[in-house]
Amino acid sequence: MEFPAERTVDARFMEPPQPFVATMEMLDTLQPGEEMLLLLYREPHPLYRVLQQNGHRWQTELQPDGTFAVRITC
Amino acid sequence: MQPKQALLSFDQSPPLSAPLRFFLTAPLFLVLAGLLVAVEGEALFASRWTPAALAATHLLTIGFMLQVMLGALIQILPVLAGANLARPALIAAIVHPGLSLGTLALAVGFLAGSTAWLYGAGLLLAISLLVFIAAAGWAIFRVPSTSPAIRGLKLSLLALAIAGGSGLFMLLALAGGWAVPLPALANLHAGWGLAGWSGILLAAVAYVVVPMFQLTPGYPARPAWWFPVAVVLALVLWSISVLLDADGLARGAQGLLALSGVAFVLQTLKLQSGRRRARADCTFRYWQGGLYASLAALLMLLLDAFLPALSTAPAWPLLFGVLILVGGFLAFIIGMLYKIIPFLLWFNLQHQAAVPGKPVPSMNKLLDDGEMQRQMRTFFAAFALLTAAVFQPDRLALPAGMIFALAGGWLGWNLLQAALRHRRHRLAGTS
């Protein structure tokens, strides 16, 4: 899943709640319809719930190295 | 940020008391097990089938391990799987006293050889397990298996049903004097309980929390998907081999089980060596100790698959039990408790019970690292003594049991102190 670095939050070595905060901050900078990528080593179920409440769409892919790549549409 | 942050309300988080009640009483069962080892001494180490050994084993496996695991699942199913238990407070209110009293009754039943206590234990444990498995099953089997962690949770719950069912069957057989092959059934019961339920659950949780808490790389996807399946397959083959009395199949299944476990342990050790957190905290040390002890136990299991004469020595199963239960699972669970409890208490103060104008104490203030370190050293000393006591029970059973009881009591004290600090902070805001 190729994505520009400025639209990617690589949260794989961040402690909670940093991945959540960084994702929400990036979403705040996007226009409706724009996309971002979140990378981390677990499925972010609590984040999914917030994304759903805020009306965002997302698609998750588990990569061979154990990274969950979550493509979020603002 | 604030409006979106506020949406992280965790409105579906269970009340703090639901998991906490399990965590605060579980260490008492470590104390009881330690005292039993000290009091029974050499007699307990005579064989794994002595009433005292059976009682001590179940004080550890149900009284401590199962209690903490169920309490933790009530809390973390939404985080691990996006699955929510309905009525978590009610479930905790049934399961917690049922498991606690059921375990005590079971230990008394074994020690006194009393059928009445055994039947009472069976009833309490059956109700507790049925309620939990039904509630957790309803939550978890409705979400798709989008990650190895969710697949692991589902399979571990099935294994818990088999371990619980076989345990209850043996309990009825023992109390009712039925003619069933208890040793073979007990091995299967232990296999489904330790490898199927505890082992798969540990892996499913580890897939999420090892990278999260220890800042390691993630578990590679393919082996993570396959580990729970391989364990269940090995246990099914083993169960069939007991029914058919097929020795070769049993050895193959045991070998597959051991190799699957070794692969998971080596993978986790490799991930730990690539961690980004420089400081080795208590959780890391507990897990490291647990991984090495489990590795030793799994190598014993592997050796036994090919050289079955080894396990006929009375010390063999006892040593295996001490390594896998005390050195392995207990270490993993205590290491996890030391992360989960400060986080839960801190999170509760931060988001659910905030005191206006009063800064929330840090997690380290709620549960001091020095206190955890001292308790951990005592625990590992007890583990070393228990291991040595397998070979010299006449001299070492008493000190091993006492130090183990001390380590268990110290854990309970540390957790209680953290809960009391949380309570004082809350009360300070309301007065």
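Just so you know, glycine gets a Cβ as well, placed from its N, Cα and C.
What TrEMBL lists as transmembrane segment is B:20-39 (among others).
For the transmembrane segment (B:59-77), the residues of the chain that approach it from at least six positions outside its boundaries are 13-14, 18-23, 25-30, 32-33, 36, 83-85, 88, 91-92, 95-96, 99-100, 102-104, 106-107, 125, 132, 136, 139-140, 153, 193-194, 198, 201, 205, 325-326, 329-330, 333, 336-337, 340, 344, 408, judged by C-beta separation under 8 angstroms. Taken from TrEMBL, the feature transmembrane segment covers B:59-77 (among others).
Sequence-remote contacts of a segment are chain residues at least 6 beyond its ends whose Cβ falls under 8 Å from one of its Cβ atoms, and for the transmembrane segment (B:89-111) they are 14-15, 17-19, 21-22, 25, 29, 32, 36, 51-52, 54-55, 58-59, 62-63, 66-67, 70-71, 74, 117-118, 120-125, 127-128, 131-132, 135, 171, 175. Here TrEMBL flags B:89-111 (among others) as transmembrane segment.
Marked as transmembrane segment by TrEMBL: B:117-141 (among others).
Summarising the annotation, TrEMBL assigns transmembrane segment to B:153-180 (among others).
Same-chain residues lying 6 or more positions outside the transmembrane segment (B:192-213) and placing a CB less than 8 Å from one of its CB atoms are 61, 65, 69, 72-73, 76, 79-80, 147-153, 155-160, 162-163, 166-167, 219, 224, 227-228, 231-232, 234-235, 257, 261, 264, 268, 271-272, 283, 287, 324-325, 329, 332, 336, 339. The transmembrane segment feature in TrEMBL is assigned to B:192-213 (among others).
What TrEMBL records for B:225-244 (among others) is transmembrane segment.
Feature annotation from TrEMBL assigns transmembrane segment to B:290-310 (among others).
Listed as Cβ neighbours of the transmembrane segment (B:316-338) (distance under 8 Å, sequence separation of 6 or more from its ends, same chain) are residues 23, 30, 45, 47-48, 53, 57, 60-61, 64-65, 68-69, 72, 194, 198, 202, 205, 209, 282-287, 289-290, 292-294, 296-298, 300-301, 304, 310, 367, 372, 376, 379, 382-383, 386-387, 390, 404, 411, 415. Feature annotation from TrEMBL assigns transmembrane segment to B:316-338 (among others).
Per TrEMBL, the feature transmembrane segment maps to B:375-391 (among others). Within its own chain, the transmembrane segment (B:375-391) is flanked in space by residues 34, 37, 45, 282, 285-286, 289, 293, 315, 318-319, 322-323, 326-327, 330-331, 334, 397, 399-400, 403-404, 406-407, 410-411, 414, which lie at least six positions past its ends and keep a Cβ under 8 Å from the stretch.
Long-range contacts of the transmembrane segment (B:397-416) within the same chain: residues 23-24, 27-42, 44-45, 64, 326, 334, 337, 341, 367, 371-372, 374-375, 378-379, 381-383, 385-386, 388-389, each at least 6 residues beyond the stretch ends and with a Cβ under 8 Å from a Cβ of the stretch. TrEMBL lists B:397-416 (among others) with the feature transmembrane segment.
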